[in-house]
Amino acid sequence: MTVEGAGAEPGAARLPSRLARLLSALFYGTCSFLIVLVNKALLTTYGFPSPIVLGIGQMAATIMILYVSKLNKIIHFPDFDKKIPVKLFPLPLLYVGNHISGLSSTRKLSLPMFTVLRKFTIPLTLLLETLILGKQYSLHIIASVFAIILGAFIAAGSDLAFNLEGYVFVFLNDVFTAANGVYTKQKMDPKELGKYGVLFYNACFMIVPTLIISVSTGDLQQATEFNQWKNVLFIMQFLLSCFLGFLLMYSTVLCSYYNSALTTAVVGAIKNVSVAYIGMLLGGDYIFSVLNFVGLNIWFSALA
């Protein structure tokens, strides 16, 4: 699949363009792989009831890491001014929607079905890049995308552990992810907010509204009453998820910066091949059926 480049910042100019694209894609794929496994353990194995609180922890980690890095002059992004919300819109809304719907769907679905249904992000990204960014793709790429959709429909139609709420959340997650990727690509002008500014102000603008949602829905209360807070292993995995949340956000922006939003979506899909097969063996919530398994493998082969 063709990978579109982007204007390079001074630090990126030292890297060969192709190497920068490859490394950013590998970094994103690795972070995305790890956080799905850790979040699945927290939300399903431990039964942590509060995906919104987990999202707040990931936003808080992003804000702290980027702010401390800015204070120590490791990175740079513009100081706040009244034009920043206008420059950033609608990214904060897409960001929090992507966060909450992603964590909620991870809890409700088996890993194989979650990863297959997440791949509707790819055709949505292709469509939005065409409409918003004016990109054009070859018939070969479009045919591959339709094969992905076919495999997902077959797998979903024979999912013996069907969960309507999980399906709604994962399709919302697909929409938010696609829109977030395309608008992030559009707004990462180094002369404006840059990569770090987009990350920092996204998290800043949405952490308080998300906290209000968490309090009003009882999600925060469920988190405070959770019975595993004295479990050191649980706490370590919770903190790891927060840190991985920051790494995932950073690696997503980095991959989109050096590549296209569609390339970022496809890298996530390739990563999900291993996640799905691991979920079949270790997840504990996948129910085997022949048709479902065939649909999963049609989807996998479409990524080849």
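Placement of Cβ uses the backbone N, Cα and C atoms for every residue, glycine included.
Bear in mind that the values here come from a model prediction, so they are computed numbers and not experimental data.
As recorded in TrEMBL, the features of this protein are as follows:
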- 22-42: transmembrane segment (TRANSMEM)
- 25-297: domain 'Sugar phosphate transporter' (DOMAIN)
- 48-68: transmembrane segment (TRANSMEM)
- 137-155: transmembrane segment (TRANSMEM)
- 167-184: transmembrane segment (TRANSMEM)
- 196-217: transmembrane segment (TRANSMEM)
- 229-250: transmembrane segment (TRANSMEM)
- 286-303: transmembrane segment (TRANSMEM)
**Report entry** For the transmembrane segment (22-42): best-contacting stretch of 48-68, 167-184, 196-217, 229-250, by Cβ pairs under 8 Å
**Finding:** 229-250
Report task. Residue list, the transmembrane segment (167-184) vs rest of chain: Cβ under 8 Å, 6 or more residues beyond ends. Result -> 90-91, 94-95, 97-98, 101-102, 104-105, 108-109, 114, 117-118, 120-121, 124-125, 127-129, 132-133, 156, 198, 252-253, 256, 261, 264-265
**Report entry** Same-chain residues at least 6 beyond the ends of the transmembrane segment (229-250) whose Cβ lies under 8 Å from its Cβ atoms
**Finding:** 28, 31-32, 34-35, 38-39, 41-42, 46, 48, 54-55, 57-62, 65, 195, 199, 202-203
